[in-house]
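Visitor: Not my notes, these are from TrEMBL:
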| type | residues | note |
| --- | --- | --- |
| COMPBIAS | 75-84 | compositional bias 'Low complexity' |
| COMPBIAS | 120-132 | compositional bias 'Basic and acidic residues' |
| DOMAIN | 54-322 | domain 'Anoctamin dimerisation' |
| DOMAIN | 325-929 | domain 'Anoctamin transmembrane' |
| REGION | 72-132 | region 'Disordered' |
| TRANSMEM | 336-360 | transmembrane segment |
| TRANSMEM | 413-429 | transmembrane segment |
| TRANSMEM | 524-546 | transmembrane segment |
| TRANSMEM | 566-590 | transmembrane segment |
| TRANSMEM | 610-631 | transmembrane segment |
| TRANSMEM | 735-758 | transmembrane segment |
């Protein structure tokens with residue numbers, strides 16, 4: 001084996017031929033005998049090899065891992081089974097080698113007598129999976145990858161295929177993928193000058209303690225000119241250290257691209273790595289982490305550095321090492337954490353303003369005239385009952401606490417805060433676009449659009465499978481009956497011909513809207529059904545509040561009766577929270593199932609459809625109870641003597657005298673804090689810990705202890721026990737919903753940005769620790785933006801302006817106070833506002849059976865009671881009809897919505913227009929890069945032409961005639977070669 005491995009290092013074409021010959025000898029299903037017995041390794045072996053980061057030779061790095069299920073033989077048969085594996089590996093490799101030389105292919109697995117004689121107890125499905133693996137791994141070797149198998153590990157029942165991409169494969173795939181790599185050419189990054197430079201210097205010195213101790217996070221004065229890698233232009237790149245030219249993240253992404261393109265074609269359906277994973281042929285596929293994060297004698301690596309400088313709660317006050325995150329995890333994950341970091345930073349000013357608004361409400365509550373009138377001891381206003389029969393008449397001063405609390409959130413400052421948050425959202429979006437453009441420049445993603453278009457056309461394995469099934473059905477219908485009845489003599493030839501025919505049909509076929517019509521109809525029906533379930537649950541909670549309110553009012557405990565509203569509001573909000581948390585998980589699974597039914601063609605299309613469905617369901621689930629309280633509660637009530645009933649017995653609930661804004665605040669705060677505390681933090685911490693505990697309990701039942709096992713596990717075994725990466729959709733979804741809480745109803749809860757800020761400080765480190773220590777390393781994905789999430793953010797920001805306009809206008813008392821102060825107040829003050837907003841009701845007009853059971857509860861006979869509404873008194877010619885004050889207030893409310901919406905959106909557009917999407921310095925640097933790239937190739941072409949001229953034989957006359965020119969060219973010729981060497 002050592003001889004063969006050394007032969008793979010021969011450069012040039014001979015290297016490729018030798019690798020193919022090696023594949024003819026070394027079977028892909030079972031590796032060479034000396035690679036099976038890992039326990040034979042001596043302590044003097046390479047340390048990295050012992051850790052599982054390299055092949056057995058200690059030189060070739062493991063770039064990717066495939067795992068599969070194996071049936072562990074019993075101890076009495078282990079030696080016999082091992083020798084059987086080795087013999088069959090050799091014979092199968094000989095058969096594969098002869099097949100490559102043009103000899104007839106081997107027969108189908110069922111007809112192979114060797115397989116039949118191996119193990120009669122082997123299940124047919126396991127046998128089929130094994131042959132699928134053999135074919136797939138053989139195809140991987142044909143693509144140039146080098147494989148090594150390990151079945152004798154400390155992980156029972158799991159086999160590992162280690163994949164290494166040699167240099168020529170890395171170069172070939174990097175060119176296909178158009179990976180931008182740094183060239184030898186460097187240029188100076190233009191720095192700010194004058195006052196801007198001094199300001200930047202002061203800011204950098206002030207924030208120096210906030211920067212992580214990471215090299216990638218420091219500002220660089222020079223930058224390497226990047227260019228798409230090309231094997232013809234390798235002289236442009238610094239290839240002095242080939243082992244580090246392509247980092248581990250890039251190597252893994254290259255191998256993953258090869259895995260995606262490699263297919264199993266001997267089966268009835270063409271199967272790629274996704275299909276093989278889905279059918280259990282392989283159980284997992286993942287790249288390796290760079291090393292351990294803690295422990296004794298741990299060698300320095302990027303993962304350990306990220307764990308110390310990013311994933312630790314002790315560095316919560318520091319900036320994120322985004323450059324190192326991108327280097328280790330790729331651009332897509334790097335952009336997520338960059339966006340999350342910027343969002344968290346932008347929450348700081350919003351939190352400060354929100355706290356100031358809240359403190360303003362606290363400071364002015366004692367001077368608020370409406371609440372002073374409600375709380376005045378001489379206030380003798382008798383209010384109508386809040387429910388039928390069980391509720392009694394009550395005094396308005398009993399609502400003193402609610403009125404004072406409402407002022408904390410319902411004051412003139414909240415209007416300013418709503419405008420501020422609308423502009424804040426616009427500035428956040430613009431700031432992110434600039435930050436994103438700067439990252440694109442720093443990460444060499446400025447020319448990524450063409451590559452994205454190519455990636456969009458790459459079909460998913462599920463899509464290919466459906467197209468194949470459609471093609472085979474169409475082919476089966478077009479076959480003649482005699483052809484169907486004919487029994488072919490060569491089953492292998494029939495299988496190959498059917499597979500090739502299916503592939504040809506697949507190239508022409510595609511799934512049409514007619515094919516997807518059942519899936520589309522299922523999507524529409526299920527989405528409407530899920531939204532209906534949400535509405536039904538909200539309606540159920542409404543009935544709960546109505547019935548519990550009536551029940552508590554009949555209590556004999558005076559403390560219970562006095563705190564009915566608070567108890568009902570709080571318990572109902574908690575019920576809503578629990579339901580939201582449960583339905584979130586259900587809706588996530590339903591959205592994925594519906595997306596799978598649609599069979600999108602590309603991964604990008606699948607992700608966007610999944611995100612859209614999940615967002616719609618979770619948004620409706622989270623905000624439906626809040627929207628009901630903000631815009632519907634208290635407006636579908638009716639009036640005393642003519643209330644609106646549900647099911648003829650449940651009277652619709654009313655808002656407190658201070659308005660529904662306080663109840664909206666309670667619902668919003670409990671839902672937001674509950675989701676952040678329980679779903680975003682406890683679930684993310686508790687579920688991985690619980691899974692790890694379960695794995696630990698299972699491992700305790702084995703013959704060795706956990707501590708000993710951890711010491712003996714290879715790197716690929718340790719990563720196998722980590723949780724697989726499930727994508728960024730859950731992470732983004734949490735933040736988008738939180739962004740909705742921060743912006744949509746911020747007029748009712750100014751402290752929402754503060755709680756979001758505190759949550760995000762923990763969330764960043766929690767997600768960082770999860771990615772570094774608890775998840776398998778994801779395959780690095782290139783991206784230049786955050787995709788559909790940006791459009792969702794803009795949509796939420798636009799809707800927030802409208803919703804806040806309606807909250808201020810219809811939910812709060814801001815507009816009625818203005819109307820009273822400027823139209824009806826005798827002295828232009830707020831004195832008399834409470835009395836102005838209440839109407840009279842004659843208790844004799846109660847319907848039969850609806851009056852209070854104890855009319856003398858207050859100690860006297862009540863003839864007139866008051867209720868909050870703008871209606872004519874009972875002694876007028878049109879009793880209980882809405883008054884002109886109602887129409888005046890309604891007109892003012894609608895006018896405010898129109899003015900507020902247009903003014904704020906206009907201001908947002910002005911902010912959008914004033915702030916350029918691309919920073920000026922980045923625009924200049926991108927232009928400079930293009931010029932330098934043109935100069936680089938012009939000099940290269942000039943050098944080539946001069947070299948050709950110098951090598952071309954010329955006659956003496958021509959040399960004499962052109963001698964001065966030749967001499968004049970000799971100077972730049974030498975100069976150009978000097979530059980070429982410097983590049």
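The backbone N, Cα and C atoms fix where each Cβ goes, and this holds for glycine too.
Could you place the listed features in the three-dimensional structure?
Guide: Sequence-remote contacts of a segment are chain residues at least 6 beyond its ends whose Cβ falls under 8 Å from one of its Cβ atoms, and for the transmembrane segment (413-429) they are 342-343, 346, 349-350, 353-354, 356-357, 360-361, 742-743, 746-748, 750, 753, 790, 793-794, 797, 800-801, 804-805, 807-808, 812, 814, 900, 904-905, 907-908, 911-912, 915.
Remote same-chain residues near the transmembrane segment (524-546) are listed as 387, 568, 572, 575-576, 579, 583, 587, 590, 594, 613, 616-617, 620-621, 624-625, 628, 646, 650-653 (criterion: CB distance under 8 Å, separation of at least six residues from the stretch ends).
Long-range contacts of the transmembrane segment (566-590) within its own chain (CB-CB distance under 8 A, at least 6 residues past either end) are made by residues 526, 530, 533-534, 537-538, 541, 544-545, 548-549, 552, 560, 614, 617-618, 621-622, 625, 663, 666-667, 670-671, 674-675, 678-679, 730.
If one looks beyond the transmembrane segment (610-631) by at least 6 residues along the same chain, the residues whose Cβ comes under 8 Å of a Cβ in the stretch are 523, 527, 530-531, 534-535, 538, 541-542, 576, 580, 583-584, 587-588, 590-592, 594-595, 660, 663-664, 667-668, 671, 675, 729, 732-733, 736-737, 740-741, 744-745, 748, 788-789, 792, 803, 806-807, 810-811.
Proximity of distant same-chain residues to the transmembrane segment (735-758), defined by a Cβ-Cβ separation under 8 Å and at least 6 residues beyond the stretch ends, is recorded for 340, 343-344, 347-348, 350-351, 353-355, 357-358, 409-410, 413-415, 417-418, 421-422, 425, 615, 618-619, 622-623, 626, 630, 661, 664-665, 668-669, 671-673, 675-676, 789, 792-793, 796-797, 799-800, 803-804, 807-808, 811-812.
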Visitor: In the predicted model, what is the mean pLDDT computed over the domain 'Anoctamin dimerisation' (54-322)?
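Guide: On average, pLDDT over the domain 'Anoctamin dimerisation' (54-322) sits at 76.
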Visitor: Same chain only, please: residues at least 6 beyond the ends of the transmembrane segment (336-360) with a C-beta under 8 Å from a C-beta of the stretch. Say none if there are none.
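Guide: The answer is 319-320, 322, 325, 408-409, 411, 413-414, 416-417, 420-421, 424, 427-428, 431-432, 435-436, 439, 728, 731-732, 735, 739, 742, 746, 750-754, 756-757, 760-761, 763-764, 767-768, 786, 789.
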